[in-house]
Amino acid sequence: MQDPPSGSDLVITSVLGDIDPESLGPTDCHDHLFIRGGHAVALEPGYLLDDVSAAVAEAETVLAAGGAALVDCMPLGVGRDADGLVEVASRTGLTLLGASGFHRDAFYPDDHWVRRSDTDTLAAIIVSEHLRGMGRDGVAPPDDDRSSARPGVIKVATSGETPTELERRLLVAVGLAAAETGLPVITHTETVAGARVQLAALADRGVPADRVVLSHMDRHADAAELAEICRTGATVCLDWLGRTDRRPDEVIVRLAASLVEAGLGDRVVLGQDLARRAYWRSYGGGPGLAHLFATVLPLMTRMGFDRKELDTILVATPRRVFDRR
């Protein structure tokens, strides 16, 4: 395992080691390659993503369609597979960023170790994953048996407009760990109000808005609300792409266009969050993880995005928001 860099060097931490940000190519900024059990799968069996061969096949389609990197947003205690990410990255060449941190309250049952741990302990666990490697067990707390992978992002999540008591503690823990490690934060949001709470709580712990990527904002924010959030310095991730049964891709592309027109094109990134077997071609579903690059990018070109605007959203902004500083 590589040692974390010292001094002012900027790097992005992939599961295979630190890379120069300038080497990061077109990036799916919110997705999932593995969910191996945990309470999320107990609640919804369709979340189970446990086949390495299927993940390799999907990764290869991403590369063939012009993608180069993917951020896997499964955090601690909910079925993450750090070694699986290493295997997929090693076999395919797709750059993968893994996540430490925590998910929303509903994914941790009453007897889960996350609920029993105090804030300082939770923060220390994240820091230890940065320094020593991610825990191999996707549900249990990290022990001495660590993956070679280190996290490239720290995940945190809140439910609705007001975080639960557990989620407030997790926000504090993530803020403390992000301030100490320099890792960027990527969040799960469910409302605009909840996103504002996240930004305020993280800022209170020394994490400025420009180190935060707010996921799922296309699900509950209109163009004006997105612009307001972006003007805080935060980056919004529009990641309901491919779920055309819920919202047509064209609607999400228009939201991205509105931010470009407002001069905020450098505050938006794209993802898919295709965290169900039914969304993967290699599990017999669709549209598949290549959808962003194979289908959405040509759509964006037809809808008026130029090459510079696409490069900003897919390459330049991910390079900036996912570096460690």
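The backbone N, Cα and C atoms fix where each Cβ goes, glycine too.
HIS188 is the only one of HIS112, HIS188 that TrEMBL places in the Zn(2+) 2 site (with LYS155, HIS216). In the three-state DSSP classification, LYS155 (Zn(2+) 1 binding site) falls within a strand. A C-beta separation below 8 Å, combined with a sequence spacing of at least six in one chain, links HIS188 (Zn(2+) 2 binding site) to CYS73, HIS103, ARG104, LYS155, VAL156, ALA157, THR158, SER215, HIS216. Ranking the binding-site residues LYS155, HIS216 by other CB atoms within 10 A of the CB puts HIS216 at the bottom.
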